[in-house]
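Chemist: Here it is: the structure, laid out below.
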């Protein structure tokens, strides 16, 4: 059902894979408030002819908001994604995605019935070749446009309630940077006024599962652009670390020798914008 940024814990229950599906970032979809694209396998909305899913009205939580957010109807992320769309694909079985064209995490195969076990490893236990491949995959994601998703450059009100779509292309890596920002940014109250005492991604019980789903989605997009179905994001076990031992030019980048706000020029990431 949910298909965009995971603004609420509800998105963990029915995962999404990005910000706004490109096929729904248009006037017709926004005015109809419907995002039920056809699955390319059979050409029907949500793959309905193949029993993958159906186009349904989204079900919103009726739970009251907490006192830390004393507003209603001012933030596009409220009751996400109902401000933009109130009908989306509800996928059946092990299918997921904005058109039910993906398999749920841990499944693969034509009908998403095959279990697939992937193992994440400590980044310090990777071989030099494995570590270099990981960095190369990140660099590819930074330089390849997202095929399926775009990001919003304005609020729904600025889009004139859908009649003036405001979206732009983005690369695969920055798509997830944007998703994280979009879910956690301040509430825009109009003009220069903002409400800072809110963070939909971090200051709530959904902190851990939100980031778990976020990383799974990021991992999946890198698998797709590289064709490497066995790719997993390595982890850094920092429990006993006294400083940032991963902040070296061999890994995530050391500090610039003269400017503490920049990465070392020898870092793989120093040329990123």
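Here, residue 1 is simply the first one shown, and the rest follow in order.
Any Cβ shown, glycine's included, is placed from N, Cα and C.
Feature table excerpt (Swiss-Prot):
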| type | residues | note |
| --- | --- | --- |
| SIGNAL | 1-18 | signal peptide |
| CARBOHYD | 86 | N-linked glycosylation site |
| CARBOHYD | 111 | N-linked glycosylation site |
| CARBOHYD | 161 | N-linked glycosylation site |
| BINDING | 180, 202, 211 | Cu cation binding site |
| CARBOHYD | 230 | N-linked glycosylation site |
Chemist: Give me the non-local Cβ neighbours of residue 180 (Cu cation binding site): same chain, 6+ apart in sequence, Cβ-Cβ under 8 Å, ordered along the sequence.
Modeler: 201, 214
Chemist: Determine, using Cα-Cα distances only, which of these glycosylation sites is closest to residue 202 (Cu cation binding site): 86, 111, 161, 230.
Modeler: 86
Chemist: Compared by Cα position, which of the recorded positions 86, 111, 211 is the closest one to residue 161 (N-linked glycosylation site)?
Modeler: 86
Chemist: Take the C-alpha atoms of residue 230 (N-linked glycosylation site) and residue 111 (N-linked glycosylation site) and report the distance between them in angstrom, rounded.
Modeler: 19
Chemist: Measuring Cα to Cα, how many angstrom lie between residue 86 (N-linked glycosylation site) and residue 211 (Cu cation binding site)?
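Modeler: Each residue's Cα considered, residue 86 (N-linked glycosylation site) and residue 211 (Cu cation binding site) end up 25 Å apart.
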Chemist: In angstrom units, rounded to an integer, how far apart are the Cα atoms of residue 111 (N-linked glycosylation site) and residue 211 (Cu cation binding site)?
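Modeler: It is 27 Å, counting Cα to Cα.
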Chemist: Which of the listed glycosylation sites (86, 111, 161, 230) has the least company, meaning the fewest other Cβ atoms within 10 Å of its Cβ?
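Modeler: Candidates: the glycosylation sites 86, 111, 161, 230. Fewest Cβ atoms within 10 Å: 230.
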Chemist: May I have the list of same-chain residues other than 180, 202, 211 whose Cβ is within 8 Å of the Cβ centroid of the recorded Cu cation site, in sequence order?
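Modeler: The answer, listed by sequence position, is 183, 184, 201, 207, 210, 214.
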